[in-house]
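S.K.: One structure follows; several queries about it will come next.
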Amino acid sequence: MTDTFYEKSMFTKPADREVVCHASAEDFCLGGNTEDFRIKMCTGVDQDDLVTVHHE
C-alpha cells in the first residue's frame, strides 16, 4: 500500500474524539489521484476483525 494509506487510515480508536468504529473502506481516486485509499476500523487482534478487514 501507499504511504498515504498508512498516514490517513484509522486503525485504532482515537482517545481525543468520538468516532464511529464501524469498518469502512474508501477510494478517494477522484480527479486523477490514483493512490489514495483508506480504511477506517478500530481493530483488535482476533479472528472477527481479520475477517472484517479482508471483507472491506
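Glycine too: its Cβ is placed from the backbone N, Cα and C atoms.
Checked TrEMBL, it gives:
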ACT_SITE  GLU56  active site, proton acceptor 2
BINDING   HIS55  Zn(2+) 2 binding site
BINDING   HIS55  Zn(2+) 1 binding site
DISULFID  CYS21-CYS42  disulfide bond
S.K.: Through the lens of DSSP with three states only, how would you label HIS55 (Zn(2+) 2 binding site)?
M.R.: helix
S.K.: Would you count the other C-beta atoms found within 10 angstroms of the C-beta of GLU56 (active site, proton acceptor 2) for me?
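M.R.: Summing over all protein chains shown, GLU56 (active site, proton acceptor 2) has 11 other Cβ atoms within 10 Å.
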S.K.: With an 8 Å cut-off on Cβ-Cβ distance and a minimum sequence separation of at least 6, pull the same-chain contacts of the residue listed as 'Zn(2+) 2 binding site', or say none.
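M.R.: The answer is ALA23.
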S.K.: Mind giving me a neighbour count for CYS21 (disulfide bond)? Other Cβ atoms within 10 Å of its Cβ, every protein chain shown.
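M.R.: Around the Cβ of CYS21 (disulfide bond), 13 other Cβ atoms lie within 10 Å.
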S.K.: Which whole-number value in Å describes the distance between the Cα atoms of CYS21 (disulfide bond) and GLU56 (active site, proton acceptor 2)?
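M.R.: That comes out at 13 Å between the alpha carbons.
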S.K.: Would you mind pulling the DSSP three-state label for CYS42 (disulfide bond)?
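M.R.: CYS42 (disulfide bond) sits in coil per DSSP, no helix or strand.
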S.K.: What is the total of other Cβ atoms whose distance to the Cβ of CYS42 (disulfide bond) is within 10 Å?
M.R.: 15
